[in-house]
């Protein structure tokens with residue numbers, strides 16, 4: 001659980017930004033393409049150089065090593081990147097402790113959870129600190145509509161939507177305390193989008209994660225912000241302002 | 001055995017073959033006749049000049065002049081490495097990474113070879129130093145140019161895959177590890193292949209030269225082996241240095257990929 005604070009953070013093209021997102025809060029940003037939504041998210045994740053400071057639970061970013069910062073403040077970029085041939089190889093990067101024996105020993109039948117069966121697998125997460133075991137990953141994938149054999153799939157043959165959903169799973173299994181989402185559901189069909197929205201919502205509530213979501217879909221912003229009591233901002237002329245209700 | 005001296009007429013005949021090649025290129029619309037002719041003319045002028053310079057150097061064994069010539073060879077090689085990059089580092093790095101890596105590898109290995117292995121006195125005796133350094137520089141230059149080009153080009157094209165790894169908490173070194181490995185491998189393939197086929201398919205240049213000059217074949221073979229080992233280690237060391245410095249330069253202290261430190265080569 002973590003709150004995110006932007007203290008006069010100044011990404012490229014934008015005026016300095018003051019913004020506080022509480023633990024478990026949902027905040028949307030929108031704006032015309034090229035306004036700088038992605039640049040803002042990249043600046044927060046420390047992927048682009050920026051002026052100013054970002055704090056996670058009052059810890060300044062400048063005092064946290066960059067790799068650790070990016071694990072804790074997880075960005076899902078609009079365009080996902082894949083560096084290995086098979087899907088499964090992309091889930092092994094977190095320098096996590098190896099999955100615990102109990103999780104490894106879970107019989108295969110128990111791994112095969114159906115999407116309707118469970119909520120977000122946070123009981124697993126609590127047992128193992130912030131790392132999800134094999135069970136957690138399988139359930140996460142199931143909630144996004146994948147069988148666990150997806151890990152053997154060839155990345156080249158994935159559709160854009162599949163890539164987006166798998167990138168979300170890859171990010172969440174890393175256990176970030178803050179989520180930065182850049183058009184997280186832009187390429188998904190309605191049913192997949194609903195699944196992804198639900199998963200993100202569960203993650204936000206159960207982990208009390210601050211979520212900053214760039215979305216160009218006004219309907220999605222309104223619907224989710226209303227349900228979660230979230231705020232909406234818009235980037236206009238290089239400034240971040242509260243979005244006037246449509 | 002006497003060395004048969006080549007006459008100007010012999011060389012003119014050989015150059016006729018190059019002219020024939022250029023004519024063929026022109027006839028077949030290959031479009032490289034100009035480059036062939038310019039390269040041939042360049043090598044003529046450069047080698048004749050080198051012959052003249054070496055003649056003077058051999059007569060004097062002046063360390064200052066030898067150092068000057070070595071420095072000139074290095075600076076030209078550095079420029080050549082840069083010229084072969086499609087994506088170059090901005091600023092002094094573009095020239096510096098290649099030149100520094102070549103300096104580190106070629107010069108140190110040449111000095112080791114002259115002092116420890118061959119044992120020439122004085123060690124800077126130009127008859128040994130200049131050809132050795134030339135062969136080392138020429139080969140490391142190729143290796144480093146290929147390796148660096150692979151590094152910068154793949155990084156430029158692989159921005160998404162690198163940043164995806166960074167975003168999940170990888171360090172800069174982890175995020176570029178596979179590209180770095182690929183680049184190094186590409187740089188080392190030519191010399192590895194040369195060693196593998198030496199003597200079976202090709203008679204390496206140096207051995208050929210010594211045999212033509214009348215050396216016993218076994219002596220020529222031993223020298224060739226020495227040179228090949230030196231070249232392989234020099235190319236390896238130089239490529240490792242260049243790729244390591246280059247990869248580091250592509251990221252900053254906060255493990256951010258800084259592609260703006262590269263620029264496209266003109267043309």
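Cβ coordinates come from backbone N, Cα and C, glycine included.
Caution: TrEMBL annotation is automatic and unverified by curators.
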Next on the checklist: Between the candidate ranges B:162-182, B:183-203, where does TrEMBL place the transmembrane segment annotation?
Outcome noted: B:183-203
Next on the checklist: Tell me if the transmembrane segment (B:95-122) touches the transmembrane segment (B:223-247). I count contact as 3 or more CB pairs below 8 A, with pairs 6 or more residues apart.
Outcome noted: yes
Checklist entry - Taking residues 6+ outside the transmembrane segment (B:183-203), which of them lie with a CB under 8 Å of any CB in it? => result 139, 142-144, 146-148, 150-151, 154, 211, 221, 224, 228, 231-232, 235-236, 239-240, 243
